[in-house]
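Features of the protein shown, as given by Swiss-Prot:
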type     : residues       : note
ZN_FING  : 57-98          : zinc finger
REGION   : 131-631        : region 'Interaction with ZBTB16'
DOMAIN   : 166-397        : domain 'GB1/RHD3-type G'
BINDING  : Arg318, Asp319 : GTP binding site
TRANSMEM : 547-567        : transmembrane segment
TRANSMEM : 580-600        : transmembrane segment
Amino acid sequence: MPRPALSVTSFCHRLGKRERKQSFMGNSGNSWSHTPFPKLELGLGPQPMAPRELPTCSICLERLRDPISLDCGHDFCIRCFSTHRLPGCEPPCCPECRKICKQKRGLRSLGEKMKLLPQRPLPPALQETCPVRAEPLLLVRINASGGLILRMGAINRCLKHPLARDTPVCLLAVLGEQHSGKSFLLNHLLQGLPGLESGEGGRPRGGEASLQGCRWGANGLARGIWMWSHPFLLGKEGKKVAVFLVDTGDAMSPELSRETRIKLCALTTMLSSYQILSTSQELKDTDLDYLEMFVHVAEVMGKHYGMVPIQHLDLLVRDSSHPNKAGQGHVGNIFQRLSGRYPKVQELLQGKRARCCLLPAPGRRRMNQGHASPGDTDDDFRHLLGAYVSDVLSAAPQHAKSRCQGYWNEGRAVARGDRRLLTGQQLAQEIKNLSGWMGRTGPGFTSPDEMAAQLHDLRKVEAAKREFEEYVRQQDVATKRIFSALRVLPDTMRNLLSTQKDAILARHGVALLCKGRDQTLEALEAELQATAKAFMDSYTMRFCGHLAAVGGAVGAGLMGLAGGVVGAGMAAAALAAEAGMVAAGAAVGATGAAVVGGGVGAGLAATVGCMEKEEDERLLEGDREPLLQEE
C-alpha cells in the first residue's frame, strides 16, 4: 500500500519532535539538559593511565618483603611462602593455584639489581639549594646530678658524616677553664678552616663582625663536650684528613666530682688528637693539676685501646706579660719553681709532642714602643693570632687519630692504606665500646690508677668469655656426627663444661686487680653458666634424637618384633641417669621396631649405610641451626 504524502504541516511537526529529542539527549545548551554521552575515543592521542598499585603478596595481601616469584605468575613474601608451602614438594607447589612450578628471579632479581646501582651525588646546583646546616652539637652532656650522658646520635652524625665515615679524622680539641678564651680561639679556627680547605690560606676571614662566630656551649643548662657538626677536608690529594673542632666545655670545673672529671678526660682523649690547653695570663696550679691528670688518663686509655696517648699538645698562654719570650723558656721557668710535682707534664713538655705558645693581651702596648697607637697594637695581636691559627690548621692533617704500632697484629681492618689511622666510623665504634664500660654499674674510682685497674679487669673478663665460648664451639663441632655424639653422654658433656668453666675462673680470677674481685667473679660465673646451659639444652635434645634413631634401626634389623625390646633396653641402659629425657627415645625404638618388625630386617645394611651417607652430607653442608649462635 503506497505511503501517503507528507504535508508541510506533518513534516514540520516531526522535525520539531526530533529537535526536542536531541535537546533532551544533551545536544543543546539548556541548563536542565543531562550530561552528554561520552565521546568515542579513537586512541590517537595520549590516554590517561590509572595509577598502578604496588605488587603485593598473594597470601598476606601486603607489600612484598624479600619476594619470591613462581612461574605461574604469583608472588609471595619469603616468610609467607615458607609457612604455607607443602612440605617435601620439590619443585614447590604454588600455595594459591596449587600448580607445581619452579622459582624464577622476578622481583627478587630486580631488587638486587636496584641495590647495585651507584648512588650518584646530587648536582652542585641542588646541593647549593638544600645545604645541611652546620652547627655545634652536644656530644657528652653533664646532667644536674653530675653524671654523664653520651649522645651517640650526635656522635654518629659527626663521625659518620659522608666526608668522614671512611676518611682518617683529626680532632682539634680546645681545653681550659671558663673565661679562658676557648670560644674566642674556636671561632678563629672555624673561620680559618674554609679558606684552607679551598686553598686560600688558613687565616680567619672577615673583619670585626665575623670574629664573633657562634656560641659554643653558651647555654649553662647544656654543659659538656661539643663538636662542630661539619668536617673540613685538609691535606694533599689522596691523603685527605677530615678535621673536626671540639670544645671540652666544663671538663676542668672544680664543681664536678673527681670520678666525673676522670671520665671526661677519658672521653676527651678519645675525641681529640690535637689538644690546645688555653690559659689566661699564666699557667696556674689548677691548669697543671688538670694537665697531669689528663696525661695520666691518656696513657691508660692508650694502653687499653691501643691508641697513641698524646699525639700533639699546645700550651697556649694568652694575655701573657712576656709576649716576646720563647715559649719553652717560659715553661722552663715554671718547672724550676714547681719541680717534681708534675712528673708526667714535665716529661711531656720536654719531648717533641708538646710546645708552649705565648700571645699578648689585645691592646697591650709594647714596652719599647710607647708611641704605638691602640690600633697598631690590635693589629699586632691579630697578626700573631692569625699566624698561630694558620700554623695549627696547616699541621692538623699530620695529627690524624692513630693507633700504636703493633696494635694491628690482632687482624683488624685496614684504613685507607695506613693501618694505624682511624676513620670516623672506626672511632665512633671505639667510643661506643667505651660508653658500654662507663655505663656499667660497679665500684667507682677516684684516680686514673683505679680506672686502669677496672679496664684491666674488663679486658680479663672479656677474654674469659671468649675462651669459654670457643671451647663450647669446639664441643659442638666434635659431636655433630651421630656416632660421635652417642659416645658422649649428656652427663659427661655437662661435667666437661663445668670443669672448663672452673679452670677459666681460677686462671683469670687471679689476675683481677679491683677491690670488688668476688663480685666480678660471681657475675662472670653466672654468664658462663648461662652459656653452658643453653648449649646443654640443645645438646640433650639432639642426643636423644640420635639415640632413638639408632635404637629403632638396630632393633628392627636384628630381631624383628623382639628388636623393640632390644632397642628399649639399649636406650635405657645407655641413659639410666637421663631417664626423663630419653624415655621418649626408647619408646620410639620399641614401637617402631614392633610395628615394622622383620619386614625391614633384611634391609639393615642398607639402612645403616643410608644413615652414614646422610650424616656425611649433613657435615658437608653444615647444620642449618648450630647449637651456639653468635650475634
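Every residue, even glycine, has its Cβ placed from backbone N, Cα and C.
Summarising model confidence by region, the zinc finger (57-98) averages a pLDDT of 74. Secondary structure of the zinc finger (57-98), assigned with DSSP and counted as helix (H, G, I), strand (E, B) and coil, comes to 7 helix, 9 strand, 26 coil.
Secondary structure from DSSP puts Arg318 (GTP binding site) in a beta strand.
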